[in-house]
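Asker: This structure is in structure tokens; I'll ask about it shortly.
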Number of protein chains: 10
Amino acid sequence: MSLATLDTSQHPNLPASSATLFAAKASKKLSFEQIAQHIGRNEVAVAALFYGQAKASPEDIVKLSELFGIDHALLEDQLTGFPDRGKSVEMPPKEPLIYRLYEIVQNYGYAYKAVLNEKFGDGIMSAISFSTKVEKETDADGNNWAVITLRGKWLPFSRF
Amino acid sequence: MSLATLDTSQHPNLPASSATLFAAKASKKLSFEQIAQHIGRNEVAVAALFYGQAKASPEDIVKLSELFGIDHALLEDQLTGFPDRGKSVEMPPKEPLIYRLYEIVQNYGYAYKAVLNEKFGDGIMSAISFSTKVEKETDADGNNWAVITLRGKWLPFSRF
Amino acid sequence: MSLATLDTSQHPNLPASSATLFAAKASKKLSFEQIAQHIGRNEVAVAALFYGQAKASPEDIVKLSELFGIDHALLEDQLTGFPDRGKSVEMPPKEPLIYRLYEIVQNYGYAYKAVLNEKFGDGIMSAISFSTKVEKETDADGNNWAVITLRGKWLPFSRF
Amino acid sequence: MSLATLDTSQHPNLPASSATLFAAKASKKLSFEQIAQHIGRNEVAVAALFYGQAKASPEDIVKLSELFGIDHALLEDQLTGFPDRGKSVEMPPKEPLIYRLYEIVQNYGYAYKAVLNEKFGDGIMSAISFSTKVEKETDADGNNWAVITLRGKWLPFSRF
Amino acid sequence: MSLATLDTSQHPNLPASSATLFAAKASKKLSFEQIAQHIGRNEVAVAALFYGQAKASPEDIVKLSELFGIDHALLEDQLTGFPDRGKSVEMPPKEPLIYRLYEIVQNYGYAYKAVLNEKFGDGIMSAISFSTKVEKETDADGNNWAVITLRGKWLPFSRF
Amino acid sequence: MSLATLDTSQHPNLPASSATLFAAKASKKLSFEQIAQHIGRNEVAVAALFYGQAKASPEDIVKLSELFGIDHALLEDQLTGFPDRGKSVEMPPKEPLIYRLYEIVQNYGYAYKAVLNEKFGDGIMSAISFSTKVEKETDADGNNWAVITLRGKWLPFSRF
Amino acid sequence: MSLATLDTSQHPNLPASSATLFAAKASKKLSFEQIAQHIGRNEVAVAALFYGQAKASPEDIVKLSELFGIDHALLEDQLTGFPDRGKSVEMPPKEPLIYRLYEIVQNYGYAYKAVLNEKFGDGIMSAISFSTKVEKETDADGNNWAVITLRGKWLPFSRF
Amino acid sequence: MSLATLDTSQHPNLPASSATLFAAKASKKLSFEQIAQHIGRNEVAVAALFYGQAKASPEDIVKLSELFGIDHALLEDQLTGFPDRGKSVEMPPKEPLIYRLYEIVQNYGYAYKAVLNEKFGDGIMSAISFSTKVEKETDADGNNWAVITLRGKWLPFSRF
Amino acid sequence: MSLATLDTSQHPNLPASSATLFAAKASKKLSFEQIAQHIGRNEVAVAALFYGQAKASPEDIVKLSELFGIDHALLEDQLTGFPDRGKSVEMPPKEPLIYRLYEIVQNYGYAYKAVLNEKFGDGIMSAISFSTKVEKETDADGNNWAVITLRGKWLPFSRF
Amino acid sequence: MSLATLDTSQHPNLPASSATLFAAKASKKLSFEQIAQHIGRNEVAVAALFYGQAKASPEDIVKLSELFGIDHALLEDQLTGFPDRGKSVEMPPKEPLIYRLYEIVQNYGYAYKAVLNEKFGDGIMSAISFSTKVEKETDADGNNWAVITLRGKWLPFSRF
């Protein structure tokens, strides 16, 4: 099985921590699932952390430092600030896998809005008070299916 | 409870069927959930059909015609072609609810890719051989949560 | 004193309610402050409602119908759906007054982020669970100052 | 509590002073609130100065040099010119916190314009003869609220 | 001599007043210089008013109504609101004459900034507290030269 | 008084001569006005030359070399080619001072065109056979005003 | 032989004169070469006039009116203003023939600049004091070649 | 007379050969006309080759190596591949000289199309089976005129 | 089986002939394959003709007129000019089927270039002297495969 | 015959493997056809692999390592991750050869969609479960023709 790696020449605007963490991951040959089990978070959250899109807690930093044998002070220095999110994906995405997700928003955006509005009223599904997960299903014919779940708090528009 | 409606001056590029169907829906005061139950499809798929983003089967046309009392020939004329998808949402989306979905792709795009690649190999989650649904959860504190599930067939890149 | 009006040829994508409401406002020669007092909402919220960017409650519709002498059924028909927000301002804004607000985001965006993150942690200020107001101050030299207050709930990023 | 830091690989177009100041801030572990108290300016202005979006006075340079133990000549060399504003935030902003501010402009832009025009006449709120501040409020339920105040001089359009 | 006219199919987003005024101007065969003399304003301001980029005072409306024989109530109705500026020129401009002005900003923008900063300090030249004029000069060789003067109040950035 | 300086990390696409000249200017603490007097050109032209937007004559190179004590051969090597204009300002400009000039074109573009066409006929004001200057005025109330003059040859469209 | 026609649904932003002239041309079945001979101008200039990109002289209007049997007053009304150039071609051009011209600029732009600068010095080839023509050549093998000649006055940058 | 040079900081995406060739050209103080005579090609083609927009034949490489005293193996290594065209000019061009050519396409694009279609039928003028040249003319009044000739094979659309 | 139809509200910039032809096709319930057989052209070419992207010969017009019972003069009037190609597809395409073709260019563009250059030398595959076809294959497992063939004349870059 | 090479200054965002592989290819003077024969894949797939657009299997890595004499561990390190596709071609493509492919999508996109929908129903041709090849044909007149075949699995839209 192949592991996800990072080629920094393709991602010049990721934070320094991304290079550190992906190099360690490649060296230890660990999957995000394995890392997630070690630090007790969802694997998507861990991958987001590696791409600089999620914040590491002090405990995360300790555990990552132990797991990968990275100097704790270096990792703390690189991970202690607040993520500067949004720089990893060029929009519209050119990467085919990510484009499919973008296309789902493009095609079903108003359908989601109409159904959510009718179910919840005037508001939005939060992308902040939010979690997500990825699951794998295999059907009777042996076909694999990816299942992505998005779960966000419903925020009604304030009346003022 | 309010129902989702369509103001055609805000959506000049939707197909003629959108105006027909939304006008009937407003007149009959039916939610997408109710329509979905009537025609036996998921409510997101029904909303997508109303926005011109999903194809109606001949049976769908019959049932919609009956439910709304629209002349069958008119509806068949407007719905019998192939959807010209992608014209409903301006990208990047300016609508706040739809933007949150876009932002999820922007922030978690590479995390999804990394996790999916490690789980399934080199490929994509299909947005065509695909279904989706919206659910409502209420937690112990009375907060509402929206849960969107995306389920797509895994397509490995062909080796050639 | 002049009143804000709407020239629909300059705003072809606003909802039908915008034309109805602005025409009534011009006819009755009422300011947003006066309308706001009548319906018991903030004047910015009222203006947003006129531009199709905020939802009217059933009581708002009754009061607006009474104030302007618009047929209640017509107004209900035009205002009962969910706002399709974001279509009123072209971004980047070409209108000088609106551009100044955009420029504040452009110039102070990261300063706000840094200060908010240090005060509140990793999260965002909600633009949904949110209210805003406009005030006028006159200093000792007779200069007028506009004061815009933005107040949003702090939403911490979920850990998952 | 975490402090705001700067990862220069994510901000290649900031001035040299940004790297100098953020490195010193991280080393001294000072918040913008603490730095602001030291030099007698608002914390948003200080953060803007760190991002190259506000000008330092000679006194600011002296105080920053003292506070951080940075060579005065170096700091003067890097801060003595005129800020080349606007390069820090990519527009539309991809960063979620900054996007929410952008969205407020997008959704309420014409509402602000209408209300301001009716209150002040034909003109704009200056973003130059301007100050801003950030405050934290906690409501009875323990929820935190961010309050951003924008205060700009009203500039009427000249008649000519 | 030819007069400037308006072809509304080329400018679908101008306000209704533009069509009214330009039609009257064509009918009366008046130049902007002549109209300006009649209402006592600069001809550039008058042309801006015709394109919906400047506000008419009540006196302007009276004088324009008289000069062109347009019903006063109609003109007041069309001109009494606040201009929604910025919609007339597509940027970057495709029109060659307007492009040359854009090119001057593009080529000399930083030179103006540097010279203005050194002369006035940290701030901007206002485009609101601002006037402009156009003059014609003919040199000894019979060549014509256009001279455009921009005069704006200097606004220093507030220290806060 | 502060002097305009150049931070090359903010302007990675300027020619090598810009770094050389701005470093010398900072070292000698000379304003563009002083440099302009020395070499006998307008200060805007000199600033444009520093930003790589105007050509230096052999005499300019000699005088700049003398004034700043830069090796003549180096300066000749860097300045002897033809300027590759237009790379200094990002359009639309994000810098507030430069944006104001852009906004003048955006708001008054068609007004200038209409007035110029009526005064001169069908043609353009040249931005090549062109000069410009910046002046400072102080009014009776002590307010400063910036005056920018644009003077370009009128070029009529050829008839063919 | 086919003649060039205009489908106004494909060109909604051309001036009213374009529809008038192209309809007359189609009715009279005349080529641009024939029209050009009649009014004594180059056929490219005539086609530009038809697309609203060149000004008609009073004599042109008389001759076009005669040739096509169009009411002189109507044509004068539609053609007497100043062309609002640049709206006919969407850039980058999607039309294959026009794209090839665009591609020539894209590929050879700097080569033209380098050669012109070395031949003429620092300046530009005018697109205003300019004429152009199209010719057809057939080589010995029977292949046809299109030859487009661009002839513009050289304008040296002013020294100031 | 000045010679065209290359400042690589302004053109970071040109091939390595561009830096090599322009450095040699500056060192030998040769114009494109002189180089063209030496290698027997048109000077525009030679300049295009220097900017990486045209392919060098083996004979060109030998002659350039001899003329400039560049090691033949180095030049062969840098020039032997296939040009990756189109990266030299940013579109729309910001450089004034190149913009004028772009403007000619923008203004006369449909006029060229109409005239070419009437002369040749349905097809395009090739930009591949294509040559171009630049000439200098001086008229009786001493004005210089640049004449650019574009000559491309006519390609009719295939019928299938 | 469903037939491809045209909803003109989704395609406002197609030529008038598109509405005529698609309405006739829907009325006669003919597929492009059937129409192609009738007029003796490839079905992709026929569909392109319906979308205004290919030219009809006089014989095509006669046959289409006969097949659909459309008045010959009307069809000749609408189809006799030269196609104004490129307006049918918005780029990047939002339609999922068309996007996949775009993605193939995006992902394999340089691979095609490298292989074509090595096989044919420096040049391009013509999109004008070009034909294309679509075929359907069904494999042993009953899966359907679409096969699109692109065949274009190789055009070597001219040496000049 | 020339071989395709890579100038990394023109492609700064390709993965590290691209530089390694193209350098080896240039050194061994092998065409993609020769490499393809060695590793048993189609030459377009091999070129895509070189540009970082296709995944190498472990066997591919062994064979490439042997063929080029590259250290196996280095190649495995650079090629073992998942391709981050889509970064090689700038869209719209500026490269003429790649632009022609883009133009085919632009011109024939809806024609392909209509024909495919009529042949296969509502769905898309996969670009993932996909292969492609390039062939060379020479006609009786000695003209060369490039033939590109695209073969993708048909994916019907799921009904849900």
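Cβ coordinates are placed from backbone N, Cα and C, and glycine is handled just like the others.
Feature list, courtesy of TrEMBL:
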ACT_SITE  H:Arg100  active site
ACT_SITE  H:Glu103  active site
ACT_SITE  H:Ser126  active site
DOMAIN    H:87-160  domain 'Cyanate lyase C-terminal'
Asker: Around the Cβ of H:Arg100 (active site), how many other Cβ atoms lie within 10 Å? Please give the count over every shown protein chain.
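Answerer: I get 24 for this one.
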Asker: Just to confirm: which same-chain residues, 6+ apart in sequence, have a Cβ under 8 Å from the Cβ of H:Ser126 (active site)?
Answerer: H:Gly152, H:Lys153, H:Trp154, H:Leu155
Asker: My understanding is the cutoff is Cβ-Cβ under 8 Å with a sequence separation of 6 or more in the same chain; which residues meet that for H:Glu103 (active site)?
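Answerer: Listed in sequence order: nothing, so none.
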Asker: Determine, from DSSP, whether H:Glu103 (active site) sits in helix, strand or coil.
Answerer: helix
Asker: Can you name the active-site residues among H:Arg100, H:Glu103, H:Ser126 whose Cβ is less than 8 Å from some Cβ in chain E?
Answerer: H:Glu103
Asker: Per DSSP, H:Ser126 (active site) is which: helix, strand or coil?
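Answerer: H:Ser126 (active site) sits in a strand per DSSP.
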